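As recorded in TrEMBL, the features of this protein are as follows:
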type	residues	note
ACT_SITE	B:Cys95	active site, acyl-thioester intermediate
ACT_SITE	B:His388	active site, proton acceptor
ACT_SITE	B:Cys418	active site, proton acceptor
DOMAIN	B:12-281	domain 'Thiolase N-terminal'
DOMAIN	B:289-430	domain 'Thiolase C-terminal'
Amino acid sequence: MIARTRVVLDAAPSLGSLYAKATGARLRQMLPDAKREALDLPHVEHQLAHVPVDPAKLVAYQRLMGDTVRDTLPSVFVHGLVFPLAMSVMVRDDFPLPLLGMVHLSNQVNHVASIPVDATLGAIAWAESMRGHRAGTAVDVIVEVTDGTRVLWRGVSTYLARGVWLGSKPGSQTEARTPFVAPARTGSWKLAADTGRAYAAVMGDYNPIHLSAFSAKALGLQRAIAHGMYMAGRALAGATPQSTGYDWEIEFATPAFLPSSVDVAFEDKADGMSFSGWGARSGKPHFSGSITVAPRTSASGE
Amino acid sequence: MSDTQQPIRPAVVIGGNRIPFARSNGPYSKASNQDMLTAALDGLVARFGLQGQRLGGVAAGAVLKHSKDFNLVRESVLGTSLSAQTPAYDVQMACATGMEAIGSLANKIKLGQIDSAIGGGVDTTSDAPIAVSEGLRSVLMDLSRARSTSPKLKAISRIRPRDLAPNAPGTGEPRTGLSMGDHQAITTKAWKISREAQDELALASHKNLAAAYERNFFDDLITPFAGVSKDTNLRADSTIEKLASLKPAFGKNLGAEATMTAGNSTPLTDGASAVLLGSEDYAREHDLPMLANFVDFEAAAVDFVHGADGLLMAPAYAVARMLKRNNLTLQDFDFYEIHEAFAGTVLSTLAAWDDPEFCKNKLGLEAPLGAIDRSKLNVNGSSLAAGHPFAATGGRLVATLAKMLHEKGSGRGLISVCAAGGQGVVAILEAR
């Protein structure tokens, strides 16, 4: 593995400025295919020595998700705290994929141990595993959150730059997809038109595709879509253990256009729980995932 | 005073009283929970000559409650001619409120702590509490904490137009967002309960309740209120054809497989009920009847949030545990009072008790509890016909069953009540 150069950030960049920068990057990266072919991920990792946790934001988050207010950090809240750091890697001039318009495919998270609200946290983020995907190019963005001595939280977010091909465009790879059949629902979420704005107000993630029909249209969507991490947060609320670590993952299928009625199903498994959500009217799958609670003895970084 | 513990003694059901149940936003629209509970208590006091008596306790409750009703039952007692020295307290366990109130009072009597008690419940969806929105409430609370003008103005500036819309109580389960009917629709489908079977149960409920009125069964169980003398939901002339013509009301996402209608589901209802309990000595000393012993009761709860069980299936578990404790089988009863939240609830519960797999895997039983003689089920009608003012249903069931057992002169009755939050309370009564 090629060693990564560490870039230390003084403070978490604001997502607003990152989105502005991303717009520029999008234009800059409209390069001919041939030029992009040689591009590689930057061999860097961005570090934030101190990740501030605002207890008031934590309460607001827990209320938003319908979770109990506790002094420990929900896993998706941690994701939100370090998302600006992850973004800072993706908006670098030498990051080869256009950020805006990127599709969020999945998350895999090791929530290694319970994280108290007053923990002193630091984080490191980098990108790896840029690879071909049937619809473009996928990349993993890794973030590790530590308390200075060990990794408490490790998240892999996978994004897809749709229609962007690093090499030559692959031939027609039509994977036979099994049609989605909704299971018996165990719950129903009514996502109001302002769901994206409510999430942004708490987590600071003002991505225009989630905020309003108007801002989403500007980016080519018919209406605003529900934030994937909002849905992940709802799924995990009340379903994760409090005193031990756990792993969870979520995979996104089709977007949920706001306002939306999402039917969900939770199912107990021997070592945790699986969950899925789909459009109550459209019947289209929005997400599926699982929570795995397993006794963990140690956690490794990479 | 004895320095040794007394042996457990029987708790006796002496009688009951309720006001007729009325469909919501009908004749009781202007009546409050306190008005209706007081009326039910007044009728009970008059029937059994309790004026001026200090009872051991009065416990009741309401599922939908105004914050001003923090002492609903005590305030109601103060409005009756019972001695003002009668202690009272509120119980709240969703639709099992009445059963929990009566059962815990029976326990106190059994232990010799009290000699007499009234348990019951009341509910209205016509006079329901309306709350300000969470946004406005948060601002108002911050405003009350602010000590100077600047933070006060800052708080006020946070008010948004949408915050001015009030919050009415919903029927949705907070953790799933599904209404109780939509939850039951999942269970009804899982147990393959047919539309026809549900409609037949609903029809039987109306026919049985009408017949009970016909033979004046309720004459000493009901006192008229607000010009109403009979449950207003009762449709004595209902037919299977009429019921079959109704469109699905719940589980509409199931499309053609939706089976639950307004006809085989209980409507929102207003009403109140009360049951007088006592020790044998208390009944004898006051020359009061003894209809039945309140033998035992059991609560259960299930994990419906993550789909392990149906929302209203807790009584299936509670009955299994209670039968075991009392060395009884499901067939050892002369009457079954299974609260008809939905026809599908009753039929799913019966199906579960008769299912070897459910009884083995969920209840841990080697053999299924088995089927019941359906001619013993809800013989004087139940909630589908009478209506279901949430907390008042327990009192209706206990008083009705106790009278039926006393009329028969022997035997045993089983009560089963499901409740929101995946809970349920069941009980055994024995004739005297």
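Yeah, the Cβs are placed from backbone N, Cα and C, and that goes for glycine too.
Sequence features annotated in TrEMBL and their locations in the structure.
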residue: B:Cys95; record: active site, acyl-thioester intermediate; CB count, 10 Å: 30
residue: B:His388; record: active site, proton acceptor; CB count, 10 Å: 26
residue: B:Cys418; record: active site, proton acceptor; CB count, 10 Å: 33
Study note, to complete from the structure: The predicted model's mean pLDDT over the domain 'Thiolase C-terminal' (B:289-430) is 97
Practice item. Count up the helix, strand and coil residues in the domain 'Thiolase C-terminal' (B:289-430) according to DSSP, in that order. Key: 55 helix, 33 strand, 54 coil
Exercise for review: Report, in whole Å, the straight Cα-to-Cα distance of B:Cys418 (active site, proton acceptor) from the residue listed as 'active site, acyl-thioester intermediate'.
Suggested key: 7
Study note, to complete from the structure: Whole-Å Cα distance, B:Cys418 (active site, proton acceptor) to B:His388 (active site, proton acceptor), is 12
